[in-house]
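K.L.:
According to TrEMBL, the protein has these features:
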type: BINDING; residues: HIS79, HIS81, HIS249, ASP323; note: Zn(2+) binding site
type: BINDING; residues: HIS79, HIS81, HIS249, ASP323; note: Fe(3+) binding site
type: BINDING; residues: ARG88, TYR151, HIS184, GLU252, SER328; note: 4-imidazolone-5-propanoate binding site
type: BINDING; residues: TYR151, ASN325, GLY327; note: N-formimidoyl-L-glutamate binding site
type: DOMAIN; residues: 71-410; note: domain 'Amidohydrolase-related'
Amino acid sequence: MVDLLLIRGNIFTPIDDGKPKTLKRMDELASIEDGAIAVKDGVIVDIGKTDDLFKKHRDTKNIVDANFRAVLPGFVDPHTHALFVGTREKEFDMRLAGKSYMEILNAGGGILNSVKRLRSATIEQLRDELKKRIKTFFEYGTTTLEVKSGYGLDFENEIKMLTAIALTKKETPMDIAATFIGAHAIPEEFKDKKEEYVKLVVERMIPYIAEHKLAEFVDVFCEEGVYTPEETLRIIEAGLKHSLKAKIHADEIASIGCSELALKTKLSSCDHLLKIKESGIEALKQSGTMATLLPITAFSLKEEFADGRRLVDSGVGVALATDFNPGSSYSESMPFAITLAVLNMGLTPREAIVASTLNSAYVLGREKLVGSLEVGKQADFVLLKENSYLFIPYHAGVNPIYAVYKRGERVFSAGC
Ligand SMILES: N=CN[C@@H](CCC(=O)O)C(=O)O
Ligand SMILES: [Zn+2]
């Protein structure tokens, strides 16, 4: 007997054929009108037409009627800074008045503002902050989430952040991928001795984090005035040597050769890419590195959006993420990211869904578990209020999510 039978859904899903979706394949969603999904032990064991599945599994006690709502894979958000203390709405106001993101950071605000507050928090406070935010992520349909460190910027506080993430993982059904980004800014105390800090990251933090399995990924803010491509490469190579996977923030504010690193080392993803040049696109394409685009950040910073259309047409695998953080993107909403990607980055609605599910599962190395609704994958799915995924960008600015299931258990319902 199955544990759950979802019936009468309009199912839309990418079909996983063993590699990230690129080019025309990114614009394809399989659909089952009046479809059903059978779930056993949190995993999809059958999927097809309601009539067929109902005959086979009608003895189950748990039947959910989707009432012809759209059913999609749960969103996979592969880039967030969701663990922080305190918001930065005053900086938002300063940006509206004309100050730039980098001016605020260079004056000791921005990321460094969040660092001051994080350092005085306990692990338990951090865990509670993250748990609270995970509730909101579920409400907006995210069922797999990357969370970065990067507001500690010293050994003790980076480890504290990653320990809080590990603690949270035990207390939530959300699947969390932890990323170490000790090189997220230059700590104030290392302002004039960045090389010493890079050494600390490479020689002390990475080996400790890898040994204690506190992170899956290493990340670097590769940017003008922050970490150079050379420093980034050293940090990434140290992470890879210790069996972490690697990703970088690249070409967000200036193009200084960061995405081009994809040709020199093994990166799971280059993220942001607002200012990517042809050489960067070529590097991603040749190396098969994914591009993770963060449209809410461009929107909040009032910057020109990354050219998603050009990246897709060049054959690069594109994923979408919220970049949720207290500075440049204070939104947990993947539906909002999808809306902006469709309206401002030139992606089709289908490409934006694939970028938020299967392609982002590839970025996090979870493609065998999540990202599509297929037999053998986790029963992570969302029911929309309406009958088509098109309502996500079309009915913009409202939450399109009706219910969310993680491993076959309901974790959010709009009615409750
Ligand atoms: N650009 C660097 N890091 C984050 C912002 C973090 C913050 O401002 O707190 C980003 O991806 O946008
Ligand atoms: Zn980021």
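Note that the numbers count up from 1, one per residue, in the order the chain is shown.
Glycine residues also receive a Cβ, built from the backbone N, Cα and C atoms like all the rest.
All annotation found in TrEMBL is predicted automatically rather than curated by experts.
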K.L.:
Starting from the Cβ centroid of HIS79, HIS81, HIS249, ASP323, the recorded Zn(2+) site, name every other residue in that chain with its Cβ within 8 Å, sequence order please.
P.N.:
THR80, LYS148, ASP271, HIS272, LEU294, THR297, ALA321, PHE324, ASN325, SER329
K.L.:
Helix, strand or coil for TYR151 (4-imidazolone-5-propanoate binding site)? Use DSSP.
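P.N.:
Its secondary structure by DSSP: coil.
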K.L.:
Which has the fewest other CB atoms in a 10 Å radius around its CB: HIS81, ARG88, HIS249, ASP323, ASN325, the listed binding-site residues?
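P.N.:
Checked HIS81, ARG88, HIS249, ASP323, ASN325; of these binding-site residues, fewest Cβ neighbours within 10 Å: ARG88.
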K.L.:
Please report the three-state DSSP label of HIS249 (Zn(2+) binding site).
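P.N.:
Going by the DSSP assignment, HIS249 (Zn(2+) binding site) falls within a strand, counted as strand.
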K.L.:
Compute the C-alpha separation of HIS81 (Zn(2+) binding site) from ASN325 (N-formimidoyl-L-glutamate binding site), stating it in Å without decimals.
P.N.:
5
K.L.:
Of HIS79, HIS249, ASP323, ASN325, GLY327, which binding-site residues come within 10 Å of HIS184 (4-imidazolone-5-propanoate binding site), going by C-alpha to C-alpha distance?
P.N.:
HIS249
K.L.:
Expressed to the nearest Å, what is the distance separating ASP323 (Zn(2+) binding site) and GLU252 (4-imidazolone-5-propanoate binding site) at their Cα atoms?
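P.N.:
Here the two Cα atoms are 12 Å apart.
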K.L.:
If you measure from the CA of GLY327 (N-formimidoyl-L-glutamate binding site) out to 10 Å, which binding-site residues from the list HIS79, ARG88, HIS249 are inside that radius?
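P.N.:
Checking each Cα against GLY327 (N-formimidoyl-L-glutamate binding site), the hits are ARG88.
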K.L.:
Where does the mean pLDDT land for the domain 'Amidohydrolase-related' (71-410)?
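P.N.:
PLDDT averaged over the stretch: 98.
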K.L.:
Return the member of HIS79, HIS249, ASN325 nearest to TYR151 (4-imidazolone-5-propanoate binding site) in space, with distance defined Cα to Cα and candidates limited to these binding-site residues.
P.N.:
ASN325
K.L.:
Using CB under 6 Å from any atom of ligand 2, narrow the binding-site residues HIS184, GLU252, ASP323, GLY327, SER328 to the ones that qualify.
P.N.:
ASP323
K.L.:
From the centroid of the CB atoms of TYR151, ASN325, GLY327, the recorded N-formimidoyl-L-glutamate site, which same-chain residues not already listed sit within 8 A by their CB, in sequence order?
P.N.:
HIS81, PHE84, ARG88, GLY110, ILE111, SER114, GLY150, PRO326, SER328
K.L.:
Given a 10 Å Cβ-Cβ cut-off, pick out the one of the binding-site residues HIS79, HIS184 that has the most other Cβ atoms nearby.
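P.N.:
Of HIS79, HIS184, the one with the most crowded Cβ is HIS79.
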